[in-house]
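Participant: Pasting in a structure now, in structure tokens, and then I'll have a few things to ask.
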There are 2 protein chains.
Amino acid sequence: MRVPFRRVNLTNGEHFDLYDTSGPYTDADAALDLRRGLPPRPGVVSDRGTQLQRARAGEVTAEMAFIAAREGLAPELVRAEVAQGRAVIPANHNHPEAEPMIIGKAFAVKVNANIGNSAVSSSIADEVDKMVWATRWGADTIMDLSTGRDIHLTREWILRNSPVPVGTVPIYQALEKVNGDPVALTWECYRDTVIEQCEQGVDYMTVHAGVLLRYVPLTANRVTGIVSRGGSIMAAWCLAHHQESFLYTHFAELCEILQRYDVTFSLGDGLRPGSIADANDAAQFAELRTLGELTKIAKSHGVQVMIEGPGHVPMHKIVENVRLEEELCDEAPFYTLGPLTTDIAPAYDHITSAIGAAMIAQAGTAMLCYVTPKEHLGLPDRKDVKDGVIAYKIAAHAADLAKGHPRAQERDDALSRARFEFRWHDQFALSLDPDTAREFHDETLPAEPAKTAHFCSMCGPKFCSMRITQDIRDAMAEKSKEFAEHGNQVYLPLA
Amino acid sequence: MRVPFRRVNLTNGEHFDLYDTSGPYTDADAALDLRRGLPPRPGVVSDRGTQLQRARAGEVTAEMAFIAAREGLAPELVRAEVAQGRAVIPANHNHPEAEPMIIGKAFAVKVNANIGNSAVSSSIADEVDKMVWATRWGADTIMDLSTGRDIHLTREWILRNSPVPVGTVPIYQALEKVNGDPVALTWECYRDTVIEQCEQGVDYMTVHAGVLLRYVPLTANRVTGIVSRGGSIMAAWCLAHHQESFLYTHFAELCEILQRYDVTFSLGDGLRPGSIADANDAAQFAELRTLGELTKIAKSHGVQVMIEGPGHVPMHKIVENVRLEEELCDEAPFYTLGPLTTDIAPAYDHITSAIGAAMIAQAGTAMLCYVTPKEHLGLPDRKDVKDGVIAYKIAAHAADLAKGHPRAQERDDALSRARFEFRWHDQFALSLDPDTAREFHDETLPAEPAKTAHFCSMCGPKFCSMRITQDIRDAMAEKSKEFAEHGNQVYLPLA
Ligand code: SF4
Ligand code: SF4
């Protein structure tokens, strides 16, 4: 078994291994060809049911063993959490290119990056590039949210080249098939789209099956109505047909399809709040209750489930979302979009939402869907993807620290030791974005000797507190030595 | 009395007034000349003591009335909070150019921006420009942390042109006067520097009087030692002289000086943690206890006091900092640097710390000292100053929402309504950074008609959930009308 890590060789002779999501793309020895796709991992078992079913049967699968080594945790913990439905391993039998990973609150908090074109913007090559770029910076899964041209082909390229699980929202492609008219959608069209995507290898699918006809009027007085694309599409369908959503009425059939491939449900929050004013309202929580019912049905079919969450939520209303989700949905992993903690900063919503994401992950959310600086304003480009991923890696890691994940603080300590010892190259190498850290240092002190200097341009040589601290430690050591010579005492507080 | 607001005229004929920190610089009618300085505000009273003393005597000062109008709160609340020492109004009698503002947990959370040169970088003109720039984006106070050349003159230019209170750390200039050798510092040199700065009009001063000789050894096993510049300088002095800090032994004398000008103490946390590993340790909390003692002494002299806080703190250890500060320091306003919630993201510490800042402000911190992307790497430039201020305005506003500040959510609601109604220009104008929001929208849809279009490039016209919601609302209204015609019923949940 080969488990991926990124090894950082430090200038003091030590090394530090980082969890790595970038697949072979950052491996100097890998022979890559986007047209041929990544090599499949060997030994994928497709005839013994889902990871959930196998975990219940007491089996530690190859994927679970891989994940345990990757996270530095016991294989039995992985199995037990999956068996309980508190964690999911999104791994479609038809996507052997992906490296197994786990989403659950007992594990490191994960980050998803949304990519995909819209009718207004982008191309297949751009989107494959964004996938590689996002995983380079640490995205644990990718969602292909394409709504524009060539949806099937774009997804094919992404799947065959993605080292991480890929999620989709099948209703988008179904809507394209009926020329964008929600009213023309049918169960049959939707079902066929789901099967098409299962066959391709999609690992998890967002299904907005909790948007019931009777919930739609609950959104009538909202400030921002229904802001989930899938939610608004299904609400429009229900209302036009005056019928219950076909996603809800055909849910058991959907379970049977997903079970065959081990595709994980991501039960979508179609009625999530789109503004601070709408947070934690009746519509949102009514839907969450329905998602709880659907969770039980899915699990009874042996299908893995996670639950999507908001959205826009002020800080004091964040924890309630997690508690309620855990209570109603049997502790299925929570997968939230931010939440944004204020509406007033378009162009900075990676920050408004990193605050909410860190807090909701601390409370137990297992995966965070990133938000980029372009949220509400346009389709993210390459720079936005990186900014979004980095902001969310920060939020996820801050939560890992707060939750006491066994490996989290080791990285902070290694970086801080490098900082204190003025090993600038090591400080950069251990950081989330070595390129930018180095570039910022270069701006004022570009010469190589500055990379071992005992100061930087922030405080300058005379005011560098860490340099002064070294002097203080020398002085303390000196005093300690004096004491030892004059009576074998250790250095003690003096005043 | 004229109180500054920024009026946003909306395209629907309404308007929205925003709290404004930019002084006359954004006033089209103002005649500005940096060499002459800003016009002083009339009627500054300098012979009746400090705002604290006057509040205790039951007086609602002109500054308090101004602040009450600015915050939309009762003048008596302002007076009572100042009288209790739960809020401060940093307003040196010799700085009449500043517009009065308040720092206290009953009021909107404030943001400080640090500027100032270092020996390695920058000029006077650059630093005055950064001051104007920082207040343009919402900095409520400025600290001039210059340590390089021309400290006195740089400060003079900043003070005469600053519409917000200015803070300093006098030990920096004192150290320059003794050529950068901490051991050569004396009480007399420090005292004269403080008087010089009081005379110039500095509104609040960071004094690291809590770094006692006996606390220095408590830092010996830290990962990052002493990271406060002032703290490391005083620790070096104490150790070299084997004497208690002159800031501590002469504290009463210092109080007498500050009282004469109504300069506010910002009791510095010289032993704040500089890494996750060092958070909430014995050194940090020992100093905080001493700051509590000094708070009582300062208040007995009628001097206003706030308390500085960390630094680097993981999320689960943040709230303890606020509770302990309130308990030990008699609820004096807390003024924290971040805190950074992880060490692993140099170049993104405005984000690692905006997370901590939002949380610590929600818990009761009154003012947040910004951290820029250059933290740990170099002296911030103009772009970094803006990025830092915006990230901190987000954190402060998120906390105002969570604390239920009466005016906070109005802005979110106004912006979200504009968003939902596709009033793009209004959405930009109500945001923290209209320029960047507009620029991001322009990137994919630059033509003017796109600024009223019912979609953007993120989802495209067919998938715009807010556009679909409008259709849903039309459909619901239609159904409602049908019901009314067939029996005078209102529209009700249907399924
Ligand atoms: S000069 Fe300041 S920011 Fe730079 S290494 Fe020293 S203490 Fe850190
Ligand atoms: S296209 Fe999407 S992001 Fe743009 S306005 Fe519509 S719902 Fe908002």
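Yeah, the Cβs are placed from backbone N, Cα and C, and that goes for glycine too.
Note: TrEMBL annotation is automatic and uncurated.
Keep in mind that this is a model prediction, so the values were computed, not measured.
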Participant: For the substrate site that TrEMBL lists with A:ASN114, A:MET143, A:HIS208, A:SER228, A:ARG229, A:GLY230, A:ASP269, A:GLY270, A:LEU271, A:ARG272, A:GLU308, A:TYR335, give the additional residue from the candidates A:TYR172, A:TYR190, A:TYR392.
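Facilitator: Of A:TYR172, A:TYR190, A:TYR392, A:TYR172 joins A:ASN114, A:MET143, A:HIS208, A:SER228, A:ARG229, A:GLY230, A:ASP269, A:GLY270, A:LEU271, A:ARG272, A:GLU308, A:TYR335 in the substrate site that TrEMBL records.
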Participant: If you draw a 10 Å sphere on the Cβ of A:CYS459 ([4Fe-4S] cluster binding site), how many other Cβ atoms land inside?
Facilitator: 23
Participant: With a Cβ cut-off under 8 Å, give me the same-chain residues at least six positions beyond the ends of the domain 'ThiC-associated' (A:2-40) that come close to it.
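Facilitator: Apart from its flanks, the domain 'ThiC-associated' (A:2-40) reaches 66, 69-71, 96-97, 99, 101, 108, 128, 132, 135-136, 138-140, 157, 160-164, 407, 410-411, 414, 418, 421, 423, 425-426, 429-430.
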Participant: Suppose we call a site close when its Cβ is under 8 Å from a Cβ of chain B; which of the binding-site residues A:TYR172, A:SER228, A:ARG272, A:TYR335, A:HIS376, A:CYS456 are close?
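Facilitator: Filtering A:TYR172, A:SER228, A:ARG272, A:TYR335, A:HIS376, A:CYS456 for a Cβ under 8 Å from chain B leaves A:TYR172, A:SER228, A:HIS376, A:CYS456.
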Participant: Among the binding-site residues A:ASN114, A:SER228, which residue has its Cβ surrounded by the fewest other Cβ atoms within 10 Å?
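Facilitator: If we count Cβ atoms within 10 Å for the binding-site residues A:ASN114, A:SER228, the smallest count is at A:ASN114.
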Participant: Based on a Cβ-to-ligand 1 distance below 6 Å, what subset of the binding-site residues A:SER228, A:GLY270, A:HIS312, A:TYR335 would you report?
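Facilitator: Correct list: empty, so none.
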Participant: State the three-class DSSP label for A:CYS464 ([4Fe-4S] cluster binding site), counting H, G and I as helix, E and B as strand, and everything else as coil.
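Facilitator: Where A:CYS464 ([4Fe-4S] cluster binding site) sits, the three-state DSSP reduction gives coil.
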Participant: Would you work out the biggest C-alpha to C-alpha distance among A:ASN114, A:MET143, A:TYR172, A:HIS208, A:SER228, A:ARG229, A:GLY230, A:ASP269, A:GLY270, A:LEU271, A:ARG272, A:GLU308, A:TYR335, the residues that bind substrate according to the record, and give it in angstrom as a whole number?
Facilitator: 20
Participant: Listed binding-site residues: A:SER228, A:ARG272, A:HIS376, A:CYS464. Which have a CB under 6 angstroms from an atom of ligand 2?
Facilitator: A:HIS376
Participant: Give me the non-local Cβ neighbours of A:GLY270 (substrate binding site): same chain, 6+ apart in sequence, Cβ-Cβ under 8 Å, ordered along the sequence.
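Facilitator: Correct list: A:HIS208, A:GLY210, A:VAL211, A:ILE226, A:SER228, A:GLY230, A:GLY231, A:SER232, A:MET234, A:ALA235, A:GLU287.
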Participant: Could you find out if DSSP has A:TYR172 (substrate binding site) as helix, strand or coil?
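Facilitator: SS state of A:TYR172 (substrate binding site) = helix.
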